[in-house]
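Below: one structure, written as structure tokens.
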Amino acid sequence: MAISMAHLFVTIMLLAAHTAFSETNMLQDLCVADLKGLKVNGYPCKDPSQVTPDDFYYIGLANAAAINNNSMGSAVTAGNVEKIPGLNMMGTSMSRIDYAPGGLNPPHLHPRASEAIFVLEGSLFVGFLTTSGKLISKHVNKGDVFAFPRALLHFQQNPNKTPASVIAAFDSQNPGTQSVGPSLFGANPPIPDDLLAKAFSLETSEIQNLKGKFQPKN
């Protein structure tokens with residue numbers, strides 16, 4: 001009897017998991033985001049009678065972004081659900097990243113998406129870190145593709161004297177981005193100095209100096 005009850009329990013749990021997974025799929029042709037509606041793990045669907053072609057259209061990735069005033073020498077132009085409402089529930093989005101000579105897209109992660117980049121112009125040094133600390137890196141050139149696994153720290157650097165740019169594709173309508181430096185040293189409220197000093201084997205004064213670089217300027 002115990003074995004049959006255990007089998008029944010496992011069966012019920014598997015069915016429940018399958019049902020929960022299947023109900024995350026689209027149940028209609030489209031679900032254009034109502035960006036003014038109440039947001040609960042995504043956006044509600046816009047009235048289908050109000051859907052227009054512009055809900056699926058975006059020209060923002062056509063041109064390079066201004067990067068002259070960016071301290072890192074890189075700029076990301078997002079093409080996510082907030083720019084293209086038609087992406088709602090589709091599980092996909094795109095961005096363009098432009099790099100000045102010597103520019104860097106510093107170590108960061110996307111908590112909700114894997115990423116693949118296509119090099120439009122120039123060449124880059126790119127890589128990601130596994131959870132065991134192994135660096136997977138490569139020099140990529142125009143026309144090359146490189147993929148970054150979901151939620152792993154990664155970066156792109158332009159070590160050359162000419163600009164570079166890529167198109168990045170994500171398997172999420174809103175991948176999210178968490179950068180290492182600003183997250184740790186620009187947190188609000190701040191992470192205690194002594195905690196960070198111990199974590200990085202630094203003096204408290206060095207932590208305060210780092211925080212000064214990442215705190216918003218008044």
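Glycine too: its Cβ is placed from the backbone N, Cα and C atoms.
In TrEMBL, annotation is done automatically, which means it is predicted and not curated.
Given the structure is predicted, the values throughout are model-derived calculations rather than measurements.
TrEMBL annotations:
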| type | residues | note |
| --- | --- | --- |
| SIGNAL | 1-22 | signal peptide |
| DISULFID | C31-C45 | disulfide bond |
| DOMAIN | 59-208 | domain 'Cupin type-1' |
| BINDING | N105, H110, E115 | oxalate binding site |
| BINDING | H108, H110, E115, H154 | Mn(2+) binding site |
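Distribution of TrEMBL features across the structure.
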residue : record               : Cβ contacts under 8 Å, 6 or more apart
C31     : disulfide bond       : C45, K46, N88, M89
N105    : oxalate binding site : M72, S74, V76, I97, Y99, F155, Q156, Q157
H108    : Mn(2+) binding site  : L153, H154, F155, T177, Q178, S179, V180
H110    : oxalate binding site : F148, R150, A151, F170, S172, P175, G176, T177, Q178
E115    : oxalate binding site : A147, F148, H154, A168, A169, F170, P175
Counting other Cβ atoms within 10 Å of each Cβ, which of the recorded positions C45, H154 scores lowest?
C45
Summarise the model confidence on the domain 'Cupin type-1' (59-208) as a single mean pLDDT, whole number.
96
List the helix, strand and coil residue totals of the domain 'Cupin type-1' (59-208) as derived from DSSP.
22 helix, 57 strand, 71 coil
Specify all same-chain residues, apart from the site residues H108, H110, E115, H154, whose Cβ lies within 8 angstroms of the center of the Cβ atoms of the Mn(2+) site, ordered by sequence.
L109, A113, F128, F148, L152, L153, P175, T177
Would you list the other residues of this chain near oxalate - those whose C-beta lies within 8 angstroms of the C-beta centroid of N105, H110, E115 - in sequence order?
S95, H108, L109, I117, F148, H154, A168, F170, P175, T177
